[in-house]
Structures are given as C-alpha cells and as structure tokens.
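S.K.: Before we start, here is the structure in question, set down as structure tokens.
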Amino acid sequence: MTLPVLIIGAGLSGLTTARLLTNAHIPCIVFEASPPSRTQGYAISLRDWGFNALLRALGNLPLSSLTRAVAPDRHIGGWGWLDQSWRNNQTGEIIMMPPKESKEKPTILRANRNALRQWIADAGVGEDEEIDVRYGHRLVGVQLLREGGDGNVVTAEFANGATYTGSLLIAADGVHSTVRTLILPAVKPEILPVLVYHGDFKLSREEYECVIRPHAGESTIVAGVGDGFNTPLTVCDVTSTTVHMDWTYSRPSIGDNDPLYNPNITSEEAKVIPEALIEEINAKKLGEPWSLFLNGEAMRRHRVFNWLTRCVSMERSDVNSCTGKGVVFVGDSWHAMPIFGGEGGNHAIFDGIELAKMLEVAWGRSKEDVQAAIGKYYDKSWRRCNDAVRRSKQRFYQLHRPISEWIEIAEKQKMRA
C-alpha cells in the first residue's frame, strides 16, 4: 500500500495541495495544530492570476462558484468587489479613482479567509473525495528518509503522542513553520521596521447601511491614505443582521525611539492597546468614516492586535537539501511577505497548484522521479516567489508615501487621461 503524503498545516497552501492531490487520487493527510473551531475571519485580496489558476485546476469551475462561496458580502448578493480608489483619510476626497471592474472579469476581489479555506477543502470531484484533516496535531519532530519496509519514508511526530509515516512531507505551516525550524534552524523570519495595528469590530446591518454604505457603496473596502500612514476599513463578513469589519493603522517605523514599534513584543503584549497609539491616531484628525472607528473610545471596544510584519526568504541550496530528505515547502513557510501590500495568499494557492501538478505526473514512479518533480516545482516557482517577497517590501513603503506624493501622482494621472 502506498504511503500517504504528509501535509503540515491546513492553511491556503496546505488545503490547496491536499485538495488537488486528493482529486488526483494521491493519498494525503493534513495535520493542523489548531482545533477545528479556529478562525481566520479577516478578508484577503485574491488576484486574477491566483483565483483563475485555482478555478482551472479544480476542473474549470466558473468564477461565480467561488464568489458565491467566499465573498465577504455573499449573503447579501455581493461578489467581493473592492473600490480601488484612494481617498485622503482626513478630507475623504478621492485622490485616485481607477475604472470600475466588471463582475464577470475582475482583476482582484475580496474573500473571507475562513470561507475560502472551507471552499477549497470542499471542492472535490465526488462524494468520496473528502480531504483527511487531523486537527489538534502539533508537530514536534520529524525523521527524514529512513529505510523501512515500504522503502524510504518520512516520519512526523506530534505533541499528542501520535506518529505518522509517509512518502513525502510538505511544509505548509506558515511563517513560523515548525518544519523549517526543525530542519533548517538557521533560516529565521526577518522582522521589518514597520508597524501594523489591526482592530476587529461588529456593526448591526442598520449601522452599516447608515455609516459605511454612504462612503463605500457596494465596495468591501474603503481605502484611506494619509501623510505616510494608511487606515483602510474592510468588510470581513456580512450576514442578515451583523457586519464584521476591521480597520488597520500602518506606517513605517520612525527610528529607534518609536513608542509603537517593538520587534520583541510578546503575543500577550500585542493584544494591549498602547496609549501612544490612541494619542497618535487622535492627532491625525481623521475624517469620516475612519474617525468613527479609529478613535480612543471606539478602539477600546475593539479587539486590537499589533501585527509584527515578517518576511521569509530561503536559498535554493536549502530547499534542494530538504528535497533529498523528503521535504518540500509551500506558501509562507518559505516565502512569507507582509500582510499589508503583500500577495502571500495568492502565492500560497499557486504553490499548491504547481506542486500538485508536478507530483501527479511523477506519482507512483521512483523516489528519484518524485524528487525531480519537486525540483521542477521549485524551478517554476523560485523567481515568482522571491521577486514577490522583494516587491512586497518595496510596496509597503510605496503605499505609505507622503500625501504630497499621492496628490502629485493623481495630478499626473489626470493630465494623461
């Protein structure tokens, strides 16, 4: 009996890989440290090159099958449209307004992350094609390519005492990858000198229609730019009675004495709202709708997190050495990029598509053929992913430019129109 592929992590890259392997009748098991109830209810932006590739890989599904399942506003007939206009977050004035995209052929759309993960997991080709996900399995050890009765196998050991053997181990466990830490301890995430504060809150549908709709219309995001800082308001999920939303306050660090930047902050400290943050935001004199939610009184009622911005890059020699030991990386485990301005979710999905495609061709052949297939996966994805990490760092600063530069860009666009 063929040993399964062991996939560590039930995020976008892990579930995409597992779904496509399962559809191809390649046995695999996904191990997730969190319980089934874990939530990642915020929304992400999906690019056309990412969601179109996924739809093709799943059997040329129509775009509507995706948007009806994952759009933050799906329950009220929306399709995840986002207005890509940039507004001055003090005056509300539109600085730049690209043409509105059509529902039939968008270049970008918003997706609720929880709903997207569930949709990928459920996108099987038949009733017997359910993904095998084992929750509550936190990886603590790996044994790589030992000789056994079934040939070369990898072994994964978990904190609950469970042990599984497989033909291949896929590291899909994110920026804090346990797999990477165990076998490539010298590769550590880089913390960027930027700050990103994120607040979650809820509105009633009546409040949403009254205070957000006049500014956002049908858009699931209201992008606000200031003088070197950003304050987007985003819709995460809409029901008949409640709207889940979040705000982000982000800017580059202002040096060694920045009271809001602490690269050594603990997870518990990251949940505390610093008074310096409230003072700084109040001093910005934001206009509506941002001022309604980014103010001291409102923020104290929200769940607020200080998100450290981490990036991960690896050398080709690192991944090559792991391939020979039966390990392959997908998603943020080997190319993490900033949440703000990055496209990590899209690249995670694309990794899963590319790897599954290569493994499907080589499956059932020799170990050398499988390793050659993994090499082709890296050949195809290496430049894409490394360039994306580099661009994402640059993009953060481009999106946090002085307001005078935003206005100058807008004026030049008007002259060219």
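Note: Cβ is positioned from N, Cα and C throughout, glycine not excepted.
Swiss-Prot lists these features:
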type	residues	note
BINDING	Glu32, Ala43, Arg117, Asp332, Gly345	FAD binding site
SIGNAL	1-18	signal peptide
S.K.: Radius 10 Å, atoms counted are CB only; among the binding-site residues Glu32, Asp332, which position scores highest?
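M.R.: Within the set of binding-site residues, the most crowded position is Asp332.
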S.K.: Run through the Cβ atoms and count how many others sit within 10 Å of the one on Ala43 (FAD binding site).
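M.R.: By my count, 29.
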S.K.: Would you work out the biggest C-alpha to C-alpha distance among Glu32, Ala43, Arg117, Asp332, Gly345, the residues that bind FAD according to the record, and give it in angstrom as a whole number?
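M.R.: Farthest-apart Cα atoms in Glu32, Ala43, Arg117, Asp332, Gly345 are separated by 21 Å.
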S.K.: Counting only residues 6+ apart in the same chain, whose Cβ is under 8 Å from the Cβ of Gly345 (FAD binding site)?
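M.R.: Looking at Cβ-Cβ distances below 8 Å from Gly345 (FAD binding site), excluding near sequence neighbours, one finds Leu12, Ile44, Ser45, Leu46, Gly50, Arg113.
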S.K.: Would you identify the secondary structure of Arg117 (FAD binding site) according to DSSP, in three states?
M.R.: helix
S.K.: Does DSSP give Glu32 (FAD binding site) helix, strand or coil?
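M.R.: Strand, per DSSP.
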